Amino acid sequence: MLRVVSWNINGIRRPLQGVANQEPSNCAAVAVGRILDELDADIVCLQETKVTRDALTEPLAIVEGYNSYFSFSRNRSGYSGVATFCKDNATPVAAEEGLSGLFATQNGDVGCYGNMDEFTQEELRALDSEGRALLTQHKIRTWEGKEKTLTLINVYCPHADPGRPERLVFKMRFYRLLQIRAEALLAAGSHVIILGDLNTAHRPIDHWDAVNLECFEEDPGRKWMDSLLSNLGCQSASHVGPFIDSYRCFQPKQEGAFTCWSAVTGARHLNYGSRLDYVLGDRTLVIDTFQASFLLPEVMGSDHCPVGAVLSVSSVPAKQCPPLCTRFLPEFAGTQLKILRFLVPLEQSPVLEQSTLQHNNQTRVQTCQNKAQVRSTRPQPSQVGSSRGQKNLKSYFQPSPSCPQASPDIELPSLPLMSALMTPKTPEEKAVAKVVKGQAKTSEAKDEKELRTSFWKSVLAGPLRTPLCGGHREPCVMRTVKKPGPNLGRRFYMCARPRGPPTDPSSRCNFFLWSRPS
């Protein structure tokens, strides 16, 4: 039996939960080994690894008992990426990165590209530069003893962001390139399995809220899947596509069979998601060899769950891994570079040495002159303020004065006329001035006391009380608006329960309240 599993892992370096929840958070490499063992598959295809080649470490890339193959995003770090881990008893005979062949090395590649004349070289490079496809080709033996070729296409198809129409075009062009390559492999005599995150819920049964989605059947991605797949799985139908959705072949009417849930809304708790992950096999392969196709929703650690299939064939491992295998990368191959490669003789002409010496002498003289000027203009210690008293706590909460303070070196002219007018002369004037001065001090002390009281009340008051939602009378959660617009950055309260249909009383109610600025 050959068992294949696909999983959008949502970051291979993140501290995974679920399968690897017993590992410390800084041992992601050990967690990957545990995940592969727990999935118990001969071939494991991972999507959205979110790792670039320079960030790939040896413990992540080389796992005992497996040979691995990675495709990286060449434009962005921490984005996209796919990886395939094969047990040593399922070592492929060939491996290749990308669908177009532009990244092929002509040594150990899969080949069979089909007619790609409708694409420009720039378009092909853009489609393959995000690290979304990885091909491994294996030798398999059927129960009749016949040896055949099986090609696995591990894909992470693009997401069509509604706010970026160009990404829908990119997604559909990627679909087209994937179909051309898969059909070319079929025409060359190889069996083909397309598995991974296709980022499209094919039919209404594959989406929890399909009835409320406008023009669900008219979506370009769903129309593409209609042309690729045979209707009604293994049964006869009006349209016979080259591939079969293996899960719907075995479970044609299973509802609630989802593989992806929104982590923001907590929709996984109530199983309100969509089926975006598939194992698609060519018709002959699925009908003759597929024994089961399954989902693993109990496996946590990502916003997706693993999917897989079991084939009644045995793998014929290659004697040597293809060159794309990560153990052959220079950084992991264990070959030591000679130190002479880092030492380059530096030759200079006499004229260059003489000009450099003159430049250095001039620089030294100029530096000495600058140091002398700095010493002559440096202020004496007595001129610098030496006040180091402890600051009042309120000074950190008061706005700094906008007008600059006067320099201590500037002497203001004395005003004898004003001082003569303001100085009390008679005993009555002195008494009045004394009373006024006392009242001013009392008022100032009172204002300062009130200011301190209001300040400490605001500090010690604590956060505002969390409101209760109207539907369940439960404490709400605070969210922040991240959509560009006039309310960007504003905070609001909403029901803390997971998202679901309005008819479900255990799902989120429609409570909404803007948060008051503190």
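Yeah, the Cβs are placed from backbone N, Cα and C, and that goes for glycine too.
Features of the protein shown, as given by Swiss-Prot:
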type     : residues                       : note
BINDING  : ASN8, GLU48, ASP303            : Mg(2+) 1 binding site
ACT_SITE : TYR156                         : active site
BINDING  : ASP197, ASN199, HIS304         : Mg(2+) 2 binding site
ACT_SITE : HIS304                         : active site, proton acceptor
SITE     : HIS304                         : site 'Interaction with DNA substrate'
COMPBIAS : 355-405                        : compositional bias 'Polar residues'
BINDING  : CYS469, HIS472, CYS495, CYS509 : Zn(2+) binding site
ZN_FING  : 469-518                        : zinc finger
Cα distance, ASP303 (Mg(2+) 1 binding site) to CYS495 (Zn(2+) binding site), nearest Å?
-> 21
Just checking the binding-site residues ASP197, CYS469, HIS472: which sit within 10 A of ASN8 (Mg(2+) 1 binding site), CA to CA?
-> ASP197
Could you check the binding-site residues ASN8, ASN199 and say which one's CB has the fewest neighbouring CB atoms inside 10 Å?
-> ASN199
Using a 10 Å cut-off, grab the number of neighbouring Cβ atoms around the Cβ of ASP197 (Mg(2+) 2 binding site), all chains included.
-> 26
Mean pLDDT for the zinc finger (469-518), as a whole number?
-> 84
Alpha-carbon distance [ASP303 (Mg(2+) 1 binding site); CYS509 (Zn(2+) binding site)] in Å = 23
10 Å Cβ neighbour count around ASP303 (Mg(2+) 1 binding site)?
-> 17
Expressed in Å to no decimal places, the gap between the Cα atoms of HIS472 (Zn(2+) binding site) and TYR156 (active site) is 39
By DSSP, what is the split of the zinc finger (469-518) into helix, strand and coil residues?
-> 0 helix, 12 strand, 38 coil
Quick one: pull the CA-CA distance for ASN199 (Mg(2+) 2 binding site) versus the residue listed as 'active site', whole Å only.
-> 8
Taking the Cβ of TYR156 (active site) as reference, which residues of that chain separated by at least 6 in sequence fall under 8 Å from it?
-> ASN8, GLN47, GLU48, SER80, GLY81, VAL82, GLY131, ARG132, ALA133, GLY196, ASP197, ASN199
By a simple count, how many Cβ atoms lie within 10 Å of the Cβ of CYS495 (Zn(2+) binding site), its own Cβ left out?
-> 21
Across all protein chains in the structure, which of the binding-site residues CYS469, CYS509 has the highest Cβ count within 10 Å?
-> CYS469
Which chain-mates of HIS304 (Mg(2+) 2 binding site) that are at least 6 residues away have a CB under 8 A from its CB, listed by sequence?
-> TRP7, ASN8, ILE9, ASN10, ASP197, THR259, CYS260, LEU276, ASP277
Shell of the Mg(2+) 1 site beyond ASN8, GLU48, ASP303, same chain only (C-beta within 8 angstroms of their C-beta centre) = TRP7, ILE9, ASN10, GLN47, ASP197, CYS260, SER302, HIS304
